[in-house]
Amino acid sequence: MSKQILVLPGDGIGPEIMAEAVKVLQLANEKYQLGFVLGYDELGGAAVDKYGVPLADETLERARRRCHPARRRRRSEMGRHRPGHPPGARPAENPFATGPVRQPAPGVLYPQLAEASTLRPEVVAGLDILIVRELTGGIYFGAPRESRLLANGERMAYDTLPYSESEIRRIAKVGFDMARVRGKKLCSVDKANVLASSQLWRAVVEEVAKDYPDVVLSHMYVDNAAMQLVRAPKQFDVIVTDNMFGDILSDEASMLTGSIGMLPSASLDADNKGMYEPCHGSRRPDIAGKGIANPLATILSVSMMLRYSFGQVEAANAIEQAVSKVLDQGLRTGDIWSEGCRKVGTAEMGDAVVAALATL
């Protein structure tokens, strides 16, 4: 049975970087006889142009229908700031999900890019951390939320940060499961000194920990975690945290890798059905169409897809090795360039990864 993948390039730099990821995926598909069949549709600003909305019902239905039974998706740019986006519309983090979603974002520093990190090489050398972010609850989706005008004419707004025990337990188990197959260390990040939701978070994580005696659990307040990520990031192996904290910390961690252009991510449900994308989302519209965006995070998202959703570890490892080989050759896009390296564009970087993969 063929495995269906829906490719959603989106807008901004999306079509450029997605084209390179598809090149790599197509070679891996042929080389390892993976049996993938690719389909294409629009998302974000490109969907606004075609359908009048950022995510059309027919696109969502196509994802559900075409991708059955595997239902694997890849997307790139959501176009969150696209002019003409319907007022008040908020894009779901994973509108294709069939259940609760978590987002693992691996922060791996390739040794060739130690100089590209803003931290000293000895601080980040050998860095390999994983941030597991709860993706469907918390303050981004909590209710009630309101902006209103007070009687005295002053504007006031508020949001709500709710978490249920089951939501916390589910994401905690994911964090422990991933820590168990890595370095057996899990750091749960919260703000339990002031937030009731974080106090429940910490209590439930402690309960789940009883089922994982082989994993060392620690807790850290989010403000301290943000500081520790730049002071001593190698103390972390797996971090599990809520939606907003994970959103912030994963962006911070991206700079430890040299550039946010190096950081892939996945939005996965309980069955590892997923939507894969670079962490940078729809950023850098200023360079869209110039052919200079870094495609490596998107290419590494392909590797994540093969590993997590399809269990194709050999192919996933090969793509990561191909990226490392290209970096060994001194090829760099502008965001990771340093003296002594050769600056290349989006397509040339993608072609180089394809060539390296072909030799493995």
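Keep in mind that glycine also has a Cβ here, set from the backbone N, Cα and C atoms.
Values in this document were obtained by computation on a predicted structure and should not be read as measured data.
The compositional bias 'Basic residues' annotation in Swiss-Prot covers 66-75.
What Swiss-Prot records for 66-101 is region 'Disordered'.
Mapped onto three states, the DSSP output places ARG133 (substrate binding site) in strand. The substrate binding site feature in Swiss-Prot is assigned to ARG133, ASP223.
Residue density at TYR140 (site 'Important for catalysis'): 17 other Cβ atoms are found within 10 A of its Cβ, drawing on all protein chains shown. According to Swiss-Prot, the feature site 'Important for catalysis' maps to TYR140 (among others).
In sequence order, SER198, TYR221, VAL222, ASP223, PHE245 constitute the residues six or more apart from LYS191 (site 'Important for catalysis') in its chain with CB-CB distances below 8 Å. Taken from Swiss-Prot, the feature site 'Important for catalysis' applies to LYS191 (among others).
Annotation comment: Swiss-Prot describes ASP223, ASP247, ASP251 as Mg(2+) binding site, evidence class similarity to another entry.
For the pair TYR140 (site 'Important for catalysis') and ASP247 (Mg(2+) binding site), the C-alpha distance works out to 10 angstrom.
Taken residue by residue with DSSP, LYS191 (site 'Important for catalysis') is part of neither helix nor strand, so it is coil.
Between the C-alpha atoms of ASP247 (Mg(2+) binding site) and ARG133 (substrate binding site), the distance comes to 7 Å. Applying an 8 A CB threshold to same-chain residues 6+ apart, the list for ASP251 (Mg(2+) binding site) reads ILE260, CYS279.
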